[in-house]
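The structure appears right after this line, and notes come after that.
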C-alpha cells in the first residue's frame with residue numbers, strides 16, 4: 001500500500017484507464033472503456049465509506065508512506081467525510097459521461113484526466129501536512145485545466161481554460177510562498193504540529209503575511225470575491241459533467257483547506273481572519289446572487305450561483321462555532337448534490353436541444369419531464385426551500401449565527417436566499433411554459449446513463465431534507481475533529 005485503499009485504487013485507475021481504453025478500442029470493445037472508470041469509482045466509494053466508518057468509531061488514522069512516494073496522510077472524520085463527497089460526485093459524473101461523451105474518440109484521455117482530478121481531491125482531503133496537500137492540490141488542478149477545454153471546436157472553452165490556468169497557477173504559487181513561510185516559522189508542515197505550535201504563538205508580521213498569502217492562494221480556487229472571475233467562464237464552457245465537478249466539489253476543496261488552516265496555522269490571528277471572512281462572505285453572496293439576474297445562459301447562471309453558496313459556507317466558517325462548522329460541512333455535501341444535479345440536468349437539456357440559452361428552452365418539461373422535475377427539485381433546494389436538503393444546512397448556519405456575535409451574517413444568508421429565488425424560479429418558469437422553440441419541439445428525454453445519476457441525486461436532495469440526522473451527525477463529528485486539531489500532537 002502506498003497511500004490508503006481508496007486513494008491507491010484511484011491512482012491505479014488513473015494509470016490503467018488509458019491503457020485499457022487503447023486496448024478496448026483496438027479490440028472494438030469501447031464499452032469497456034466507458035464502464036471501467038465507473039466500476040472503479042464505485043469500489044473507491046465503498047472503500048471510502050468503510051474508512052469513514054472506521055475513523056468515526058476509532059479516531060483519526062495516520063498513514064506515513066516511504067520511498068519515492070513519501071507522503072504523510074492523517075485521515076480524520078472531516079477528511080473521510082469530504083473525500084466521500086468528492087468520490088460520490090465523481091462517480092455520478094463518470095456514469096453520466098459514458099453517454100454524454102460517448103462520441104468522443106478521446107474518451108480514455110477524458111476519463112484519465114477525470115480520475116486524476118478525483119485522486120487529487122481525495123489526496124487533499126487525506127493530507128496530514130501542507131506539503132502533501134500541495135502535491136495533491138496540483139494533481140487536482142492540472143487535469144481540471146485540460147478538462148475545461150476538452151470540448152473540441154469551442155474557442156470560448158480554450159479561452160476560459162487559459163484564464164482558469166493563469167489565475168489558479170498564480171493562486172498556487174502564492175499559497176506555496178505562504179507554506180514556505182510557515183515552515184520557516186514552525187519547522188514543520190504537519191497540521192497537528194502546526195496546531196500545537198501556533199496555538200501558543202502570538203501574532204507577528206510573518207504570521208499575518210503567511211495568512212494573507214495562504215488565504216489568497218487557496219481563495220482563488222474557492223472563488224471568493226474578488227478572486228472569482230475565472231469561475232463563470234470555466235464552469236460554463238466546460239463539458240457539463242466537468243461543470244458539475246468544478247461547481248460541486250472542486251471549489252469546495254478550497255473551502256476545506258481554509259477550514260484546516262483556520263484551526264492550525266491561522267490560530268494566532270483567527271479572530272481577525274474570521275472578521276475578514278465574514279465581510280467577504282457577504283460580498284461573495286451578493287455578487288453570486290446579483291450576477292445571475294442578468295444571465296440568459298443557463299450554465300453561466302448556475303456557475304455564478306455557486307459563488308453565492310461559497311459565501312454561505314464562508315459565513316459558517318467565519319462564525320467558527322461547532323454548530324456553524326457543522327452547517328458549513330453539511331452545505332458542502334448538500335451543494336455538491338444540488339449543484340451537481342442542476343448542472344447534469346442542464347447538460348442533458350443542452351445535449352438534446354444544442355443551446356445554453358434559456359430563451360430557447362421554453363417548454364422543455366413537456367419533452368424531458370424527468371430531467372425537468374429533477375432540475376426543479378435541485379433549484380428549489382438551492383433556494384433553501386423546505387423540506388429539501390439546502391434548507392437544512394442553511395438553517396443550521398443561520399441558527400449558529402443567532403447564537404454568536406455574528407447574527408447579522410444569518411440575516412445576510414436569509415436575504416440572499418430570498419434574492420436567489422428570483423433567478424432560480426425564473427428558470428423553472430421557463431422550462432414549464434408552453435413550447436415556443438423548434439429546438440424543443442424535436443427534443444426527447446435524456447439517455448438512461450444520464451438519467452440514472454440525475455434521478456439518484458434528486459432523490460438524495462429530498463431524502464437528506466426529510467431525514468438529515470445521519471448527515472448532521474457525521475458533519476458534527478467532522479467539526480469536532482477539526483476543532484480538536486489545536487490540541488492534537490502526534
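Cβ coordinates are placed from backbone N, Cα and C, and glycine is handled just like the others.
Any TrEMBL annotation is an automated prediction that lacks curation.
Taken from TrEMBL, the feature domain 'NADH:quinone oxidoreductase/Mrp antiporter transmembrane' covers 127-419.
Residues annotated as transmembrane segment in TrEMBL: 35-55 (among others).
The transmembrane segment annotation in TrEMBL covers 75-95 (among others). Outside the transmembrane segment (75-95) by six or more residues, the chain places 4, 6, 10, 37-38, 41-42, 44-45, 48-49, 51-52, 55-56, 59-63, 111, 114-115, 118, 121-122, 125-127, 241-242, 244-245, 248-249, 252-253, 256, 259, 329, 332-333, 336-337, 340, 344, 449, 452-453, 456-457, 474-475, 477-482 with a CB less than 8 A from a CB of the stretch.
Listed as Cβ neighbours of the transmembrane segment (107-127) (distance under 8 Å, sequence separation of 6 or more from its ends, same chain) are residues 3-4, 6-7, 10-11, 13-14, 17-18, 20-22, 25, 30, 33-34, 36-37, 40-41, 44, 48, 63, 71-75, 79-80, 82-83, 86-87, 90, 93-94, 97, 101, 133, 135-144, 146-147, 150, 191, 241-242, 245, 249-250, 253, 256-257. Annotated transmembrane segment per TrEMBL: 107-127 (among others), in sequence order.
Proximity of distant same-chain residues to the transmembrane segment (133-150), defined by a Cβ-Cβ separation under 8 Å and at least 6 residues beyond the stretch ends, is recorded for 71, 106, 110, 113-114, 116-117, 119-124, 127, 157-158, 160-162, 164-165, 168-169, 172, 175-176, 179, 221, 234, 237-239, 242, 245-246, 250, 253, 257, 260. What TrEMBL lists as transmembrane segment is 133-150 (among others).
Among the features that TrEMBL reports, transmembrane segment is placed at 162-186 (among others).
Here TrEMBL flags 206-231 (among others) as transmembrane segment.
If you look up TrEMBL, you'll see 243-267 (among others) marked as transmembrane segment.
The annotation transmembrane segment is assigned in TrEMBL to 273-294 (among others).
Through the fold, the transmembrane segment (301-320) approaches residues 222-225, 228, 231-232, 234-236, 243, 247, 251-252, 255, 258-259, 262, 270, 274-275, 277-278, 280-289, 291-292, 295, 327-328, 331-332, 335, 339, 342-343, 346, 358, 382, 393-394, 396-397, 400-401, 404, 406, 409-410, 412-413, 416, 420, 423-424, 427 of its own chain, all at least 6 residues removed from its boundaries and within a Cβ separation under 8 Å. Residues or ranges marked as transmembrane segment in TrEMBL: 301-320 (among others).
The feature transmembrane segment is assigned by TrEMBL to 332-350 (among others).
Residues or ranges marked as transmembrane segment by TrEMBL: 408-425 (among others).
What TrEMBL records for 446-467 (among others) is transmembrane segment.
Packing against the transmembrane segment (243-267) from elsewhere in the chain are residues 78, 82, 85-86, 89-90, 92-93, 96, 114, 117, 121, 124-125, 133, 137, 140, 144, 148, 182, 186, 191-192, 194-195, 198-199, 201, 210-211, 214-215, 218-224, 231, 234-236, 273-274, 277, 299, 302-303, 306, 310, 313-314, 317, 320, 325, 328, 332, 335-337, 339-341, 343-344, 346-347, 482-483, 485-486: each is 6 or more residues past its ends and has a CB under 8 Å from a CB in it.
Within the chain carrying the transmembrane segment (35-55), a Cβ under 8 angstroms from the stretch's Cβ atoms is held by residues 4-6, 9-10, 12-13, 17, 20-21, 61, 75-77, 79-81, 83-84, 87-88, 90-91, 94-95, 98, 111, 114-115, 118, 122, 474, all 6 or more beyond its ends. Sequence-distant contacts of the transmembrane segment (162-186), counting only residues of its own chain at least 6 positions beyond either end whose CB sits under 8 Å from a CB of the stretch, comprise 130-131, 134, 137-138, 141, 144-145, 148-149, 193-194, 197-198, 206-207, 209-214, 216-221, 227, 229-230, 233-234, 265.
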